[in-house]
Amino acid sequence: MAAIVGIIGGSGVYDLPGLENVSERRVETPWGAPSDALRFGEIAGTKAVFLPRHGRGHALSPSGINYRANIDALKRAGVTDIVSISACGSFKSELYPGLFVLVDQFVDRTFGRQSSFFGNGCVAHVSLAHPVAPRLSARVLEAAEKENIPCVAGGTYVCMEGPQFSSYAESLTYKAAGYDVIGMTALPEAKLAREAEISYATVAMVTDFDCWHPEHDNVDVAAVIAVVRKNAEAASRLLSRLLRDFPKEHEPCPVGSDRALDNAILTAPEARDPELLKKLDAVMAGFNVRQGLPNR
Ligand SMILES: CSC[C@H]1O[C@H](OP(=O)(O)O)[C@H](O)[C@@H]1O
Ligand SMILES: Nc1ncnc2[nH]cnc12
């Protein structure tokens, strides 16, 4: 399968400089409209699709993003691997603003988000033991090293609902629990990408120390955006290098993120809801082919 890399830009990252032969297309999905038009392009022959998760102009709040539409639109565009960029607060002195953290675990503190494509009429339980695709994350690390960008591998991202930042008590609790960073967006994407059998990795860009650190100001938007602006050039260098060196064929994922629906779907084929199956035509396409089932 030809590799196509989806890039999801976070706060302060609304474009992907360096993308060549760019064309833009507004798409609709059975789950609604994605955050913005998809930007198609390539770097050194690697095809890429860029999507700013908050939309250009940052119109969408973390709770208001249609994550299902975003992931479904990328799936329909043929994306095999997603790398997302997320601004985040840090719970550790050694994870300082400006550092890129390739998190490999998530804790969910969101509520009320639509974080699954499945439900009544087609029940599926995919594994999220390893939410990040290790080979993809390793490629991001390699790109950072080649570009001399400070980056560490591994870490736990707690995803809060927001939009308010954490209270002091919450911040201390997350720190005491041993979590590394906090943000409001990456986890619904990781869950949905897994269901859509897309390999996913996230670059958590540390922007602040949330509000636990006695020697640093409490986080605010201005501080986050100031750090993101300072690091935008490094982020685009990282992504350009990643795309330049990316294999042209999708590499099979060692944790099975690209075949996550095998052994996950409980609902018997005859009990599946045809309306839901229609909406799942992109998400389940690979699974249906592997099972020899028609794709609705
Ligand atoms: C701008 S401060 C809070 C905002 O920043 C992070 O955005 P993203 O994950 O899209 O980079 C955080 O999740 C909040 O949405
Ligand atoms: N401290 C923080 N908490 C939640 N989301 C963030 N995004 C950037 N910094 C953050």
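Every residue number used here counts from 1 along the chain in the order it is shown.
The backbone N, Cα and C atoms fix where each Cβ goes, glycine too.
Annotations in TrEMBL come from automatic prediction, not curation.
Remember, predicted model here, so these are calculated numbers, not experimental data.
What TrEMBL records for 5-244 is domain 'Nucleoside phosphorylase'.
Remark: Thr185 (phosphate binding site) has Gly10, Arg53, Pro62, Ile65, Ser84, Ser86, Cys159 as non-local neighbours, by Cβ distance under 8 Å and separation of at least 6 in sequence. Among the features that TrEMBL reports, phosphate binding site is placed at Ser11, Arg53, His54, Ser86, Ala87, Thr185.
What TrEMBL lists as site 'Important for substrate specificity' is Ser166 (among others). Residues near Ser166 (site 'Important for substrate specificity') in space but far in sequence (CB under 8 A, at least 6 apart, same chain), listed by position: Gly89, Met160, Tyr174, Ile182, Asp210, Cys211.
Taken from TrEMBL, the feature substrate binding site applies to Met184, Asp208, Phe209, Asp210. The DSSP secondary structure for Met184 (substrate binding site) is coil. Within the same chain, residues at least six positions away from Met184 (substrate binding site) with a Cβ under 8 Å of its Cβ are Pro62, Ser63, Thr110, Cys159, Met160, Glu161, Gly162, Pro163.
TrEMBL lists Val221 (among others) with the feature site 'Important for substrate specificity'. With a cut-off of 8 Å between CB atoms and residues at least 6 apart in sequence, the same chain places nothing near Val221 (site 'Important for substrate specificity'). In three-state terms derived from DSSP, Val221 (site 'Important for substrate specificity') belongs to a helical segment.
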Review point. Taking the Cβ of Ser86 (phosphate binding site) as centre, how many other Cβ atoms lie within 10 Å?
Key: 26
Practice item. Scan Ser86, Met184, Thr185, Asp208 for binding-site residues whose C-beta lands under 6 Å from an atom of ligand 1 and note them, or write none. Key: Ser86, Met184, Thr185
Exercise for review: Would you pick out, from the binding-site residues Arg53, His54, the residue whose Cβ has the largest number of other Cβ atoms within 10 Å?
Suggested key: Arg53
